[in-house]
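Chemist: Look at TrEMBL and you will find 6-24, 31-51, 57-79, 91-114, 120-142, 162-183, 189-207, 219-240, 246-267, 279-299 tagged as transmembrane segment.
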């Protein structure tokens, strides 16, 4: 029951976005632009400014990079096998490489393993924020349905205000520069608005989809890689390194999370099969109602 209560807000916000789009017919692209260019830089700045950077970051960064690398290889192999085009391949990569470690994964870790494990989950979430806003942006930009070269995709990463929110957050913490409480309150308010806005966007995008857009070969392969292959890969990775059982369990469970909602935002902004990315985000979130409790049971 507690597990259902953890994820209930996600479905409520998603449902509000779905209903709002059906009734009001809002312009989704404008809202996604506002979330990505205005809200997200404040969120990333606040995340990196307020979470102390230490050696744990390097260790967890390695785990995240290795996981993404293996999942990218698996996804590319599967994508080529099912003859995915460039845009669909990028949508598949967005769907498999980035689990929802924030508004889904972190609360589940807290519920399952307690406060100490939650601290590791927060650090991992911070690192994933950096990876989504660099690697994720590159994947989304390169897979845009408009012709895009590698150079143009890299330029898209450099142009993103989110990246500079990360850099400023790190610089302000390391120097350190102390900001007045009133300024931090404003930064936190704007940044915290991004998560529900992104979840609303997911519901709004789903409201625009039609039944014929649900492509089984993509949905099934992405769901299998994200919900089954990903935690298995992480289980192998942590078994090869000297980590405590608690850290092992945290990493495996986070790797078993559904698709990060931020991927929908990137797919919308760069027009990288946004309907497909939105739909598989919903599907993996629903599937997680079964797979996450099973993962918890297997972890003991």
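Placement of Cβ uses the backbone N, Cα and C atoms for every residue, glycine included.
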Chemist: Per the definition of 3+ C-beta pairs under 8 A with sequence separation of 6 or more, do the transmembrane segment (120-142) and the transmembrane segment (6-24) touch?
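Modeler: The answer is no, given that the two segments have fewer than 3 Cβ pairs within the 8 Å cut-off.
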Chemist: Would you say the transmembrane segment (31-51) and the transmembrane segment (219-240) are touching, if the rule is that at least three C-beta pairs must lie under 8 angstroms and be 6 or more residues apart?
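Modeler: Not in contact, no.
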Chemist: If you count Cβ pairs under 8 Å, which stretch among 31-51, 91-114, 162-183, 189-207, 246-267 touches the transmembrane segment (57-79) the most?
Modeler: 91-114
Chemist: Test of understanding: applying the rule of at least three C-beta pairs under 8 Å (pairs 6 or more apart in sequence), is the transmembrane segment (31-51) touching the transmembrane segment (279-299)?
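Modeler: They do not touch: fewer than three Cβ pairs between the two stretches lie under 8 Å.
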Chemist: Are the transmembrane segment (246-267) and the transmembrane segment (91-114) close, by which I mean at least 3 Cβ pairs under 8 Å that are 6+ residues apart in sequence?
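Modeler: Since 3 or more Cβ pairs under 8 Å link them, the transmembrane segment (246-267) and the transmembrane segment (91-114) do come into contact.
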Chemist: Which one, 31-51, 162-183, 189-207, has the most C-beta pairs under 8 Å toward the transmembrane segment (91-114)?
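Modeler: It is 189-207 that shares the most Cβ pairs under 8 Å with the transmembrane segment (91-114).
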